[in-house]
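Chemist: Have a look at this one before I ask anything.
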Amino acid sequence: MRVPYNWLKEYVDLSGISPPELADRLVMTGTAVESVQTLKPSFQQVIVGEIKEMVRHPRADKLWICQVSLGHRPATIVCGATNIKVGDKVPVARPGAILQGAVLEAREIREVKSQGMLCSEAELGLGEDQSGILILDPSCQVGLPLDEALGLRDTVLELEITPNRPDCLGLIGIAREVAAIFGRPLTVPSVNMEEGELPASHWIGISIADSDLCLRYSGRLLQGVEVKPSPLWMQVRLGAVGLRPINNVVDVTNYVMWETSQPLHAFDYGKIENQQIIVRRAREGEKIVTLDGVERYLESEMLVIADAHNPVAIAGVMGGVETEVSENTSVTLLESANFDPVSILRTSQKLGLRSEASNRFEKGLDPNQSLYALDRAAMLMREVAGGTILKGAVDIYPRRLAPWRLQLRPKRVIQILGCPISKKEIKAILGSLELEVSGEEPLEVTVPTFRRDLEREIDLIEEVARLYGYDKFPSTLPASSGRVGELSWEQKRINLVREVMIGCGLWETINYSFTDHKSMDKAGLKVADPRRHSVAIANPIIEDFSILKTTLLPGLLQVIEKNCRVDKENVFIFELAKTYHPRDGQDLPHEPRALAAAITGLWFGRFWSEPARKVDFYDLKGIAEELARALDLQEPQWLPTSCDPFYEGKCAWVEIGGERIGIAGQIHPLVIKRYEIPNEVFAFELDLDRILALSSRKKEFREIPRYPSITVDLALIIDEEVSYLQVRDVIQTGGGKGLKDVTLFDVYRGRQIPEGKKSLAFSLTFQEEDRTLRDEEVQEKVDRIVQELNRELGAELRSR
């Protein structure tokens, strides 16, 4: 945001405040100043003169000999321009002046010595008009340097305005800040219009078809305008802020936009079909040629300004060439409106079209300022383009935005800022920002609609802090109760989970909470899968982030894919994060925490002598079991199942204590192929919240065993369809209290084992807490176990 110092002085008294001091104070109150630039004209030593006498040159009919007053003495200047007359004030370049890089010298023209030169806009570098001499405003002081008379000696402050302060995208908003900083009054230009008798509403009809995207639309008509170059003072100011002067009508809209932050647009009224303006959504595939000469295809989500048949402007972004103001325009429709910021941002991004208007609208402007800006523009346009302002504005404002109230506790201000600011000072600061303050404890603060960034008490405290002055806060140590915080039980458990996973050789990965449906397809999750029922993002930054993730597995597979592309094929990773699941009838989703792990490639032994081998399901199973031991959980049970994205027959539900906590298995080869992963991938995804709920908060201590244990190996031949869990349960029941551990250490199929059978070998550990077991007792228990296995499962003893 470019802020010319001289222009800013129209709204706030800056006497005694230099541009560097102004920049410093703005920075200290939260407005970044990127640069302070001094403007210099391209000419030097050109002053204001007044033509006192004109006579024809005796030797040239097309030349004039002018006597020009320069304040201290007259000068004789020969000139051939036809647009000058006695009494005109004009720019005079005396000998020694510099114009367009050249030094002017006195010279004789047809035997008459010319003591200078009267200058055109083009010669001064102030415009393109070179058809005649630049006629200055009659109020210009004779003898004054031209750059001073025209306000060309200026300093421009380049400010960085944060997105939450669109009110500061206009000079009045900046002036409001400056007035509050220095305690000086703000001067807002008054609007005193002389209107005609004809009502504007009889000449133009305005309607809003979508009030969600257009909050307000106002229009005024001006008859009999003369489109021509705008006055030099306006061109100079627009040039100082980086805008190219076009004509007086368009320049007025740009001038008022820079003044108030409210964009405006001028239409050629005669080109509007049926004298109707309709604010509506575009029809899919509709076309418009914008002012930059580009034909643009519109989508149904885009808002347009249309006449009875076609779009005439892209709302809040850019107008169309069909209704552009030209030198033949005599009746002008001025538009001032307020649009939904998200809609303008999306339209601008999709069309790849940015403008000063869209930059303001997409940040959210105050709808209550649009009528003031419209009237201000109409008044200025009548001054510079003539014509008559038709009576009344056509103003459509379906849902009026009213100021809102916030409560502010003075004690809370002191508590937050750590500085004893009095209630009187607080009221004065807020009042200087045009916030109405009433009451005592708490203060009732009425927030004007141009300050949409003020939503909570803490926002008001921030305003007090920055206007009070950050440099005034004393340097003190933060108040402390002396208590040192500690981690909760749950935080400690989560840290333990991380330690176990890292201890098992896995690296933690952190993925985005966002994904898209394409990633779910790639991971092999069918449309009917409950995990495809996801929470959609209302305004995704990119399409890849269009939904919240319901599972961590696609993210882990993407990480493995990226590692494999750079020849890192041995990948052992885990992720601990929230997943998001929609809840019927509720706005907020369910957010359970999940723990997922994925391993692929070669698993290297603990010692150099151990050969590397490919990872398998049992490596993954061992990680889950190690986690269960660390969290004092029962041993996980593995129940075969079928579930995407796992390989059928190589997938199992994971249960602890009869509760299902997750799923594990080998990722399906077709899924692996999509990710271009060269090796098998084994993964699990567990419900971390359920795991923590099952983990005991109490530590149980047991006495160290005083008596020795006895270990017995037991090998069984059993039907192929009988599972390990069935056999283990019978062994544990038959072994009774003295059986401390059951470990499966071998599974065999082959010679000496009948077809349809398998051999399972177990290691059984027996121990009593109050005495030493005898061999005979252990043998009785083993015999009883074998009998139970035979009776319930048809198992036969192979060997011990």
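Placement of Cβ uses the backbone N, Cα and C atoms for every residue, glycine included.
Among the features that TrEMBL reports, domain 'TRNA-binding' is placed at 40-147. Positions annotated as domain 'B5' by TrEMBL: 401-475. Annotated Mg(2+) binding site per TrEMBL: D453, D459, E462, E463, in sequence order. For 705-798, the entry in TrEMBL reads domain 'FDX-ACB'.
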Chemist: Which of the three DSSP-derived classes (helix, strand, coil) applies to D459 (Mg(2+) binding site)?
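Modeler: SS state of D459 (Mg(2+) binding site) = helix.
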Chemist: Within the domain 'TRNA-binding' (40-147), count helix residues (DSSP H, G, I), strand residues (E, B) and coil residues, in that order.
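Modeler: Summed over the domain 'TRNA-binding' (40-147), the classes give 6 helix, 52 strand, 50 coil.
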Chemist: Measure from the Cβ of D459 (Mg(2+) binding site) and count the other Cβ atoms within 10 Å, all protein chains considered.
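Modeler: Excluding its own Cβ, the number within 10 Å is 16.
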Chemist: I want the residues beyond D453, D459, E462, E463 whose C-beta is within 8 angstroms of the mean position of the Mg(2+) site's C-beta atoms, in chain order.
Modeler: R451, L454, I458, L460, I461
Chemist: Is it possible to list how many residues within the domain 'FDX-ACB' (705-798) are helical, extended or coil according to DSSP?
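Modeler: Tallied per class, the domain 'FDX-ACB' (705-798) gives 31 helix, 33 strand, 30 coil.
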Chemist: On a count of neighbouring CB atoms within 10 A, which of the binding-site residues D453, E463 is highest?
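Modeler: Answer by Cβ density within 10 Å: E463.
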Chemist: In the domain 'B5' (401-475), how many residues does DSSP put in helix, strand and coil?
Modeler: 33 helix, 13 strand, 29 coil
